[in-house]
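**Student:** Below, the features straight out of Swiss-Prot:
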REGION    50-452  region 'Methyltransferase'
DOMAIN    72-280  domain 'Alphavirus-like MT'
DOMAIN    794-953  domain '(+)RNA virus helicase ATP-binding'
REGION    822-1080  region 'Helicase'
BINDING   G826, V827, P828, G829, C830, G831, K832, T833  ATP binding site
DOMAIN    954-1112  domain '(+)RNA virus helicase C-terminal'
DOMAIN    1374-1487  domain 'RdRp catalytic'
Amino acid sequence: MAHFQQTMNNKVIEAGMGRNSLINDLAQRRVYDNAVEELNHRSRRPRVNFSKVISQEQIIQATNAYPEFEITFYNTQLAVHSMAGGLRALELEYLMMQIPFGSITYDIGGNFSAHLYKGRDYVHCCMPNLDIRDVARHINQQDTVSTYLARLERSKRGLPVFQQSAFNKYMNDPDAVCCDKRFQDCSYSAGLPGKTYAVGLHSIYDIPADEFGAALLRKDVHICYAAFHFSENLLLETTSAPLDEIGATFYKSGDRLSFFFQNESTLNYEHSYKNVIKYVCKTFFPASNRFVYHKEFMCTRVNTWFCKFTKVDTYFLFRGVYTRGEDSEQFYTAMDEAWEYKKTLAMLNSERTIFRDRAAVNFWFPKVKDMVIVPLFDGSVTSGKMKRSEVMVNKDFVYTVLNHIRTYQDKALTYKNVLSFVESIRSRVIINGVTARSEWDVDKSVLQALSMTFLLQTKLAEAKDQVVLKKFQKFDDTVTNLFWKQISDAVGDLFPSIKERLISGGFVKVAEQSLQIKTPDEYITPADKLVMEYQATEELQHLDISKPLERAEKYYNALSELSVLKECDEFDITQFKNLCEEKDIAPDVVAKVIVPIMKNELTLPFKNPTPEALSDALSPLPKDLDMRFCLLKLSTCAPFPSVKTLDSGLLPKQSYGDERQFESQSVVSVSDFHLKSVESVKMKSMSSAVYTGPLKVQQMKNYMDYLSASISATVSNLCKVLKDVYGADPESAEKSGVYDVVKGKWLLKPKDKCHAWGVAELNNGEKVIVLLEWADGFPICGDWRRVAVSSDSPIYSDMGKLQTLLSCLKDGEPVLRMPKVTLVDGVPGCGKTKEILETVNFDEDLILVPGKEACKMIIKRANKSGHVRATRDNVRTVDSFLMHLKPKTYNKLFIDEGLMLHTGCVNFLVALSHCREAMVFGDAEQIPFINRVANFPYPKHFRYTCLYHREVRRLSLRCPADVTHFMNSKYDGKVLCTNDVIRSVDAEVVRGKGVFNPKSKPLKGKIITFTQSDKAELKERGYEEVSTFGEINTVHEIQGETFEDVSVVRLTPTPLELISKSSPHVLVALTRHTKSFKYYSVVLDPLVKVWSDLSKVSDFILDMYKVDAGILXQLQVGSIFKGENLFVPCPKSGYISDMQTYYDTLVPGNSTILNEYDAVTMNLRENNLNVKDCTIDFSKSVSVPRQQQEFFTPAHRTAAERPRSAGLLENLVAMIKRNFNSPDLTGILDIEDTAELVVNKFWDAYIIDELSGGNVTPMTSDAFHRWMAKQEKSTIGQLADFDFVDLPAIDQYKHMIKAQPKQKLGLSPQDEYAALQTIVYHSKQINAIFGPLFSELTRQLLERIDSSKFLFYTRKTPEQIEAFFSDLDSTVPMEVLELDISKYDKSQNEFHCAVEYLIWEKLGLNGFLEEVWKQGHRKTSLKDYTAGIKTCLWYQRKSGDVTTFIGNTVIIAACLASMIPMDKVIKAAFCGDDSILYIPKGLDLPDIQSGANLMWNFEAKLYRKRYGYFCGRYIIHHDRGAIVYYDPLKLISKLGCKHIKSLDHLEEFRISLCDVSSSLNNCAYFGQLNDAIAEVHKTAVNGSFAFCSIVKYLSDKNLFRTLFNNGSSTKG
């Protein structure tokens, strides 16, 4: 062991010293990969062309300044100030990059032609002509557009597609593109929804800073991005400030600031110096008494400063959540309007806070770091006046000079000596023959003035020192005389002038016998200078507040009068003030009118003018209105102020009793359903009905129809089960069950027992509904023949609810009551249940909840103190309340999770409870009511509850801070939390569902899944047994519950609509925990992206709960050419290593798999398999020894496996994968009616109108001869030997496996043992009978298909596919949809068979043969003679059936036709379980995921792409047509196959690959092919080098043989 450890240490040392070549190679490869990845990332940046001629240094400078762009320097245009002109385009693109693409944008002083070229039709340019230069510039912009159009016309080309919208807008409405008004005066308004933005490129100088905020607010600008030139030297008392990087200069003269380019003769730009300083120094710009625009610097690049102005609502100050209209103190807001002015004054005085931070100043003014401002003095010989200026000098330089010259003797302290020293330390010196550059770079032009300043400061400092020293001595003369004597000795003849200047300048003050010397400041910091400038330019005037106070007094008097109203705290003060100002009416007059209206003293027909109230007011009067007036006894002490508030003809009671009067005298019981004919229950149509009455009544009618549709679908399916069941099968346990009353046994045994009702078949064949009673697991039956039950009939809840609602109708109409309904819309964990328990009075109120568990939880929490308050009478489930009404009225009704209910159900609950007030608690962003009856119409406007009032709760008591941050993107208003946990969300992407095991992969806390299939699989793996919470639930099942720790698991690799960032299921899953949340997923999905985003948010942001997201959009450029595919021969180059590199890049790690002995390991190790009911002959478990087949060894490494041998374990694993554990996602579905509807849609969508009618008999002599011509003699011989006495067993199938495993193009082969594909097939006799039949039916179907629009990929060549897609118009905006379905064959159930049979019926399938075929595909038995396995399957698609391929194709086409408007589809193709659709861009589509789940039982994934992928081929559509490329990755994977037996076999393999990949010989569209591959494989790189290598090896027979090593055992 010691020797082994020493060897390991030596190898590590060798690797560190570079002597290990293997490690060095790996390091070099890592560097190469990083470089390639970085270059690829850089190539994806937006491209900008820089045509101006600039120097190499300027090129480097521009490239470093704008790393966001891919800049191409052409150097083809000579121009004045080339650098600044070229940078202007970069600056504009940088500003526009900050704005979400398509958002309304105002370009202040912009160049409209630049936006036209980019196709930005959403930008409006304000281009005022403030001087002559502006007029000339605008004319030049128009000329450039004309030149561009002329160049296109000369080359006979049209405008690119992305520019057409902008140019059309300029042609039709040029004022919408640009105007000649100032931004402050611009009258243009886009009138479109969404946020508004603005940009200002070197243009905000000309807008007064005091008007800037108001101008932005007038346009409702959300954020304004601006760029302007500035120099730190402008802060000094200097006249010029150069901008060397762009060759420009600022010149200051008083308040006039000029800007001009050096070496250029043109007009100067002139601005106000004070205005520019305000933009630099102010931190916010007031826009109104509420809104301000806060300025933030973004960056400085090449003498250009970038900043943004963000609109800020000051009402958010010191408040976490902004609320309106619910605070009673708002009545006094009008009195305090004067405080708004004081607040504005206070905010203005605090604007300089950023400049008190020295670090902040140095950051935004990088050139002032370690600099000081030194005064300079310049005198005039002629006038005798002196002028003062300032300069910025290095602080170290100043102190070096001052410290040195203070050491001079008095005689040596002269101006010449000081100047000599300053010049010496500034200039270059030679040391030992080497020139050394000075440490300080001070301008030589100011050295003389600086020397004079230094001399003067030193003289005054020495005089001050002498005075201090002589204070300790006694002198005969005064201090003043001593001081002047000292100065006179120092300056000599200049003494009179110096004395006068020192006194007048304030440096020396003389008062009687006292002397005060003030030494000048050696310097001031730029921060102090900046504050001084700001104070000098921002003087505030006193405000006249007499008028606001007078106006506030009027509003106060009016609001005092309104305060007598009930619930006056909900009065909207803002709307009241707007009404008074718009109508110019005195507030007290309006108040005197509002009070009688709100007290209902004017007998108006409604209280509030809502659409619902108007509908009630305009609806017909009740028929019994006269009778109600007769029954009514009026009195002055009546509790109700007006007649209209009475709900019925009975006077209300003053207390809450136990009686309630129903409108209908006859209450129908559920028992009336017993022995009722099924025809009276089944709905004839599910089409949309037209409802009448107010919206609430329409919702209630729709809910009753929903219950009827649910019962109808269940009854219809039970009738179908009775019709389909013939023989007995007591062993299987399915969803449905059929009991034979005569025989007293189950023909079809159900999983569950004790169903509440079912459908019975009488002796005369009539079918009726029966209510069941049970004894010893068997139903107690009458004089019936058979009884059918299903999993949809365990209880009669829908029946009970429907009968209760029918009993409460008045003249066939629901009785509508109008209590106050309040929606409490709260975020997860806001304490909705807690609020209910704290508010409810259990003696007179009622609580209703959707489920039993929630009901138990509320009762438990209410009674936890020991005092029993909550019972089964005042806390009930919704179903219990509707099924068992009790004669009692309630004061308040509380509905928990009310938004999960049908809105009509909520209205019924409110009406039947006779409550005075209803509180509906829910969350509008969580899972809503789900319509589980396929094809039942539930209109969108029915989904909104009619409310009297809405309250919001935005404080979560449950969720941690990171989850609260996520919720802020979902809810209006700010969401807060009280949880101390900051970070709780974590995620882990596992390599496959095979890693989940309770021992090796324990899950913490509550285990949750998104789908029922994942839930079932985790149960089978044993997680429910070890979980601390016991049961595993789906997200939908645990909405409203709370847990400390949560583990969410996703085992389904296919994309799910449930898991998207906008899905309510994701929100529910993320908000169930209080401490920790961990997400385990087998794929990268949006929830993993949410975790990734949350992990990047800083703790500071989490405290603010703010979401900031941007939208990036890439401009697409189309072409205008049409014609045939351009052909460019592909070069035959490259090596096998190129294909290997490409394969490893797209599927990293697959080539390193050692799977040669996986099958052996599988047979030797202990395996746990989830097997359904089957019979296994274990004598087959030991395979017969056989001689091992030798195969060629590929030189190319892939994840391909060798062929496997059939055996018990191998075949069983394949059967489990392909046939067992089928999904069960279907909702309530009326199979026969829905199948008929789907087939009608299929016929309307795909069949040509002229061929849509009339059935053609397929079994004709012509059809038989066509079939015979294509058959082998052996097949005909089988028919000749068949006796035709009886048909073979049509429901018996044989089972076998394919020896070669299917290669997967993902990473799953690294973690999973791939199951083999199975073949389930009939006997040859059955195929000989039904083969020609369905072949003829298929031919007739394909002849009727509209082949110009739809492609059914049967008997088609790759060239025909290419021809089908060649007429796609690339100029039409469109997108590609791909619906891919996992577990496609075994997901097909009874509904799919019904759809397929109806299609064959329309084509003329014989009735007897159809019935035989049905029975052969209902309940079937599988026998695998090789492995000794026998099992039973219900429905499912059989892989070796005569209808497998065409049946799968028809089903996928029917599925899409039932969900997508096929008349809007441009092109569509179907093949087996693959499909592709080309649809117009922006087409509104339904929820395809929900439809595929509930109706079709499919686990579907919907892809939206630019390029199509169909049957292993990429469809590249371009401006000349389309070309179809075989998937290169699949092709390379096949080159690593391990099943080649001989050279002849190898040559056949090469020829087959050449046939499918012939299009790769054309390399003209390899660029688009790379883009298409990148959509599928995120790690893809440009693979043109690999494609060339493929062509090279496939085209050469001898070269292709080098890809495989036949070894010594291979025989030709």
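Placed from the backbone N, Cα and C atoms, the Cβ positions cover glycine too.
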**Student:** Can you check which residues sit near G826 (ATP binding site), meaning Cβ under 8 Å from its Cβ, same chain, 6 or more apart in sequence, and list them in order?
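**Tutor:** When sequence neighbours closer than 6 are ignored, G826 (ATP binding site) has K832, F921, G922, D923, V952, R953, R954 within Cβ distance under 8 Å.
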**Student:** Per residue, counting other C-beta atoms within 10 angstroms of the C-beta, which of the binding-site residues V827, P828, C830, G831, K832 reaches the highest number?
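**Tutor:** Its Cβ has the most other Cβ atoms within 10 Å: V827.
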**Student:** Just counting, how many other CB atoms are there within 10 A of the CB of G829 (ATP binding site)?
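**Tutor:** Result for G829 (ATP binding site): 25 neighbouring Cβ atoms inside 10 Å.
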**Student:** Mind giving me a neighbour count for T833 (ATP binding site)? Other Cβ atoms within 10 Å of its Cβ, every protein chain shown.
**Tutor:** 21
**Student:** Where does the mean pLDDT land for the domain 'Alphavirus-like MT' (72-280)?
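**Tutor:** A mean pLDDT of 85 is what the predicted model shows over the domain 'Alphavirus-like MT' (72-280).
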**Student:** With H, G and I counted as helix, E and B as strand and the rest as coil, say where DSSP puts G826 (ATP binding site).
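**Tutor:** Assignment for G826 (ATP binding site) reads strand.
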**Student:** I want the residues beyond G826, V827, P828, G829, C830, G831, K832, T833 whose C-beta is within 8 angstroms of the mean position of the ATP site's C-beta atoms, in chain order.
**Tutor:** D923, R953, S956, L957, R958
**Student:** In terms of DSSP three-state secondary structure, what is the assignment for G831 (ATP binding site)?
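**Tutor:** The three-state answer is coil.
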**Student:** So how many of the residues in the domain 'RdRp catalytic' (1374-1487) end up helix, strand or coil by DSSP?
**Tutor:** 45 helix, 33 strand, 36 coil
